[in-house]
There are 2 protein chains.
Amino acid sequence: MAADVDNWHTRLRASGHRLTPQRQLVLEAVAKLGHATPEAIVHEVRQTASAVNISTVYRTLDLLEELELVSHAHLGHGAPTYHVTGVDPHVHLVCGACGAIQEISPERLAGIVGELRAELGFVVDMDHLTLAGRCAECLALGRR
Amino acid sequence: MAADVDNWHTRLRASGHRLTPQRQLVLEAVAKLGHATPEAIVHEVRQTASAVNISTVYRTLDLLEELELVSHAHLGHGAPTYHVTGVDPHVHLVCGACGAIQEISPERLAGIVGELRAELGFVVDMDHLTLAGRCAECLALGRR
DNA sequence: ATCACTGCAAACCATTTGCACGGCT
DNA sequence: AGCCGTGCAAATGGTTTGCAGTGAT
């Protein structure tokens with residue numbers, strides 16, 4: 001945890017930025033929440049610092065994404081969800097009927113991902129990957 | 001083409017709806033454009049019928065999607081893109097740096113898709129699938 | 001003194017909704 | 001008559017931007 005803070009600090013300083021309280025709180029919120037929308041992040045951050053503005057959260061997330069400290073994926077139709085990069089990488093399976101989210105290992109996609117890189121030179125961004133579909137339960141119940 | 005119109009007509013009537021001029025134009029626009037945002041669709045539709053409102057386009061797309069005549073995928077961060085179902089199914093590779101879009105055959109994902117169905121009972125919606133990443137050119141030029 | 005960073009409010013863009021009119025069935 | 005479908009305008013949700021003040025270097 002403290003090691004994370006040091007790491008974040010170094011990363012930001014190296015690119016001419018500061019690790020402000022707001023930024024630290026955003027990073028901690030993203031790390032804690034796992035899959036978090038900007039709305040959820042600002043809510044979490046405000047538990048500690050109630051005055052933090054949502055536009056600061058957006059600006060922070062943009063910056064952190066440029067620095068590759070966080071990345072985002074689109075799980076549903078609404079807001080994107082952010083997560084810290086490198087930690088527990090996973091691919092999402094999102095049920096379009098009930099909204100349930102399962103995670104699978106990126107390893108399982110190693111096959112095609114490797115082929116695409118070899119044949120087309122296209123490198124898939126695993127952090128951003130989402131597979132939409134229908135979960136077993138919804139299929140069994142005939143939900144759509 | 002005329003066969004398509006008949007098919008659409010039948011499908012709509014079967015579910016208690018009508019194939020209005022607006023709906024036909026939306027369907028034709030989606031079929032013609034291939035990957036179209038609601039904005040692009042309304043623009044195309046207005047070439048023929050200038051008074052069509054964008055909310056009609058949204059409502060029409062929702063209806064057509066329920067009837068499974070069209071489906072949508074999220075290519076970029078912005079608006080979703082619609083396409084007619086069943087025709088030329090494909091999976092998109094979207095470059096996050098330059099925005100270029102390539103298409104690959106869904107067959108190439110048959111492996112994991114089959115595994116996920118067998119092991120988890122999760123059925124992937126191929127029409128909705130997008131793989132984000134970096135294309136060969138952007139990687140070569142070091143773009144991000 | 002300069003420049004990064006933030007809060008606030010307004011602007012923006014995509015999408016949705018309420019309502020009243022018009023036209024099928 | 002009843003109901004589906006539409007245009008219009010207002011509301012909404014998510015995100016971005018301009019600006020002025022504050023604090024770090």
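Cβ coordinates come from backbone N, Cα and C, glycine included.
Any TrEMBL annotation is an automated prediction that lacks curation.
Cβ neighbour count for B:Cys95 (Zn(2+) binding site): 21 (other Cβ atoms within 10 Å of its Cβ, all protein chains included). According to DSSP, B:Cys95 (Zn(2+) binding site) is assigned to a strand segment. If you look up TrEMBL, you'll see B:Cys95, B:Cys98, B:Cys135, B:Cys138 marked as Zn(2+) binding site.
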Give the sequence-ordered list of residues that share a chain with B:Cys98 (Zn(2+) binding site), lie 6 or more positions from it, and have CB atoms under 8 Å from its CB.
-> B:Cys135, B:Glu137, B:Cys138, B:Arg143
For B:Cys135 (Zn(2+) binding site), what is the secondary structure state per DSSP, taken as helix, strand or coil?
-> coil
Within 10 Å of each Cβ, count the other Cβ atoms, then let me know which of the binding-site residues B:Cys135, B:Cys138 comes out lowest.
-> B:Cys138
